[in-house]
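**Q** The structure's right below; bear with me while I get my questions together.
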Amino acid sequence: MARSGVPSTRLKPPELQEQPGSASSERRFRRISAWLLWFFALQGELGVIWDREWHAHVGRDQFWTPPHMLMYSGVAGAGLLALLVVLLDTIRYRRAIAGVNDKTTIQVFKIFHAPLGAVVTGFGALIGLIAAPLDNYWHELYGIDVALWAPFHMMGVIGGLIGMLGIIYLFAAEAAIERAKGSAVWRLLGLNFFEWGALLTMVTLLNFTLTGFLMFPVVDLGPLQISTYPLPLIMCGAFCFVAALRLTYRPGVATLMTLILVMHTLVVELFVPWAIRTAVAEQGLAFRDPNDIPVFRWDYALLPFLFIVSVLIFDGIALWYRRRGEPSKILQGVKKAGLLGMLITLPAVPLTMYILRSYSIYAPIFLPRPGLEIPMALWIGAIAGTAITTLLAGFLGGMLGSEFGDIWRWNTR
């Protein structure tokens, strides 16, 4: 098991005592690795979105489809790079290289010493790679499955989420080390290079969550069905925005992330339909429905605007704290962060339904079955239950965002 508690105070034998000198080579190695891992995460996320649309428009007649190759090469690249970081830092730790010590690494299985982020990312990539052959076997048994809620789809999703959290750990640790040094560093909009890396990874995480919209199961109450797709959007949004504010203490980061997310989804929506049409033409394939050819949709490109009102509230509160001279108290405490996380549900849910209103008949949360009468008691229970569940999702996301944001603010491992 990985231990990330208080560093050991025991004296090391002379051969393991850290050598004097600059830790710049270690810092450079970790920072380059973090940016490369983010690139692989971006590649894998793009592959996931492409694969979702490929399943819907083309089908799945083999494992080695173009989106699969893009997606799994990204996962494999991240896994191999994380493994390389673990192995090299273990060697550097045992050689007592400057910057590789108990304050900047964790011990894993009593053998390895490596940055916490690299270990977490490696395990996430491993889960994703294990899910690949199992998912292929599932498809061989049950055929095409466009739904995200299949067992090994969820296993791959969990692996991807874990991997991206690990990359945020890597960037945040480097940002914390820079703050501790107190030296002047390059900044843009008040954020240093590594805080930008953490925020961009959170944007990737948000877009990864958007991938599953309208693909989650519905709750069947007989004459009435209830869509569950807003729950992960709300939880992930609250988590990322609260965590970003606690990590940086900077008002405006939530709005900044939303605008970057809009640009990201715009580029993705420009690429994916074109890539599907091009790959189908090059390989001589046929669409499942000749009347349903993938094209650019503003619905998906503008979907991140579901957060716009929420992030303005978030950043307004953060600005109020900063003007009072209390930047460290921005959303401090899990209860306060959880309650603010609940606010994301109030504007976000109706905005989501409005943006997706022409995208699918499943965009509304409540889906009455045609020709069936719905008792008033069922309506009241469904609305109350949905409201409570959605608010709890926002509360949980905000609470977790506060906890992780505080860890990322101070963790140097």
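Indices start at 1 and increase along the chain as displayed.
Every residue, even glycine, has its Cβ placed from backbone N, Cα and C.
Pulled these from TrEMBL:
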REGION    1-23  region 'Disordered'
TRANSMEM  32-50  transmembrane segment
TRANSMEM  70-91  transmembrane segment
TRANSMEM  111-132  transmembrane segment
TRANSMEM  152-172  transmembrane segment
TRANSMEM  193-216  transmembrane segment
TRANSMEM  228-249  transmembrane segment
TRANSMEM  256-280  transmembrane segment
TRANSMEM  300-321  transmembrane segment
TRANSMEM  337-356  transmembrane segment
TRANSMEM  376-400  transmembrane segment
**Q** Go through 32-50, 70-91, 193-216, 256-280, 337-356 and flag the stretch with the largest number of C-beta pairs under 8 Å relative to the transmembrane segment (228-249).
**A** 193-216
**Q** May I ask whether the transmembrane segment (32-50) has at least three C-beta pairs under 8 Å with the transmembrane segment (193-216), counting pairs 6 or more apart in sequence?
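**A** When sequence-distant Cβ pairs are counted, the transmembrane segment (32-50) touches the transmembrane segment (193-216), since at least 3 lie under 8 Å.
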**Q** Can you name the far-off residues of the same chain, 6+ from the ends of the transmembrane segment (152-172), with a Cβ under 8 Å from a Cβ of it?
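**A** Same-chain contacts beyond the flanks: 30, 33-34, 37-38, 41, 44-45, 48, 75, 78, 82, 115-132, 134-135, 138, 145, 194-195, 197-198, 201-202, 204-205, 208, 212, 247, 404, 407-409, 411, 413.
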